[in-house]
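Step one of this worksheet: look at the structure below.
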Ligand code: AMP
Ligand code: MG
């Protein structure tokens, strides 16, 4: 065996009382093999480049062989799904294998998704299909590349085990790495089952593990909630700024660390359409793109209710009321850097609103617009104007925008050059995003046994701000079959 066996694994979650989980051994799939291995993340976690070839490591991570440092368990949680409380949730197909301390001292959960039945599987089969596993692998790594807080993907395995959905599909496994798998729904479970000691223990452990600096605070639970509210507001601001729709913002899919969690029917916007619904089963548009900020607050209120035995009502209300200003602070900071504006001026609101109106009226591609705006120094204004049907209106807005940019000054009080502004903008406005049609092409190839497109996309999207001119076509508009694809929840 290579020396990965001596990495600093721990099993701290398994040391909590039994009410928090059920110990479950994974049910192996047939003939698995790695079809993606995230070498940079693997190295961060302490694995060497040889470990990807280790049969023992594959057996341990895929659940085919037990490994002494792992203690697989299914976490118990509950949650509000589409606004309705469901007490019967929990890891129905994923298992926490162990925790691992990375090279920087941060602890990551290693979670195996698709590992078989658990007591929380309800009507499900405990499995994950290749299609949805590829989507999570690619999107979580794309989000990491964009600098948006997210769970990560260490590797993906495909098997010969058939899984039955609308059709027969290949069963797959995702090894997910995340700094926490604790969801809002973990707290809701203990609250609604009246297990107040466990509720408090969960909060104590969360503080010990994720916010140790709060342990001496006069009101540590309120301080913890404040961190959750702020990091959630920041995550939502980053989603809205990049044009990401999650699709299933149930409280069991909300990480207490404000990291993007549980990738299902997500989508990046193509055209700027604020009411875009990416989840095929979301008939009411509860999780439409423009509803996300509001839903996150709704979810935080559900969490506040679950924390009410630990935090005084006044504090909960005060902290919840900070959400909107935190969101707008994070969002405007992000939009200002997308537009290359350092200073915040009173009239900027008009410029922003004019821009959103123009994008929406002209059905302009959101990502391509900001990228074109970031390349004005090299390519001029015309490529931006060409993105609009109403070119006159686009040219007028652009003139206002350039005039506004000319008010910016550098550290010495000199006018900031367009080159410098655009250079900075190209670091926040991605050229490449995981459009659903790109994922779809990679999936179709993978289902024929060719994973080259998955590997290619993973690499491309790890550097979404780089020009990568040889891959220009990946930044093109989607073909008509691939526009505004709504994705089913079936996974
Ligand atoms: P999700 O919609 O993926 O967030 O899952 C909601 C709940 O259903 C969680 O408790 C999952 O563990 C469970 N679940 C989803 N798919 C399956 C499946 N195929 N087998 C068992 N449980 C599942
Ligand atoms: Mg979920």
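Each position is counted from 1, following the chain as shown.
Placed from the backbone N, Cα and C atoms, the Cβ positions cover glycine too.
Automatic prediction, not curation, is the source of TrEMBL annotations.
When Cβ atoms from all protein chains are considered, those within 10 Å of residue 252 (active site, proton acceptor) total 22, not counting its own. Residues or ranges marked as active site, proton acceptor in TrEMBL: 252.
Taking Cβ-Cβ distances under 8 Å and a sequence separation of 6 or more, the neighbours of residue 125 (ATP binding site) in its chain are 93, 117, 163, 164. As annotated by TrEMBL, ATP binding site applies to 90, 92, 93, 113, 125, 126, 176, 183, 262.
Spatially close to residue 253 (Mg(2+) binding site) yet at least six residues away along the chain are 79, 183, 246, 261, 262, 264, judged by Cβ distances under 8 angstroms. TrEMBL lists 253, 262 with the feature Mg(2+) binding site.
The C-beta environment of residue 90 (ATP binding site), restricted to residues of the same chain at least 6 apart in sequence and closer than 8 Å, consists of 22, 74, 75, 76, 77, 78, 118, 119, 120. Only 252, in sequence order, out of the recorded positions 90, 93, 125, 176, 252 have a CB under 6 Å from ligand 2.
Within the same chain, residues at least six positions away from residue 176 (ATP binding site) with a Cβ under 8 Å of its Cβ are 94, 109, 110, 111, 112, 113, 136, 140, 151, 152, 153, 154. For residue 93 (ATP binding site), the number of other Cβ atoms no farther than 10 Å from its own Cβ, over all displayed protein chains, is 21. For the recorded site, residue 262 (ATP binding site), the DSSP three-state label reads coil.
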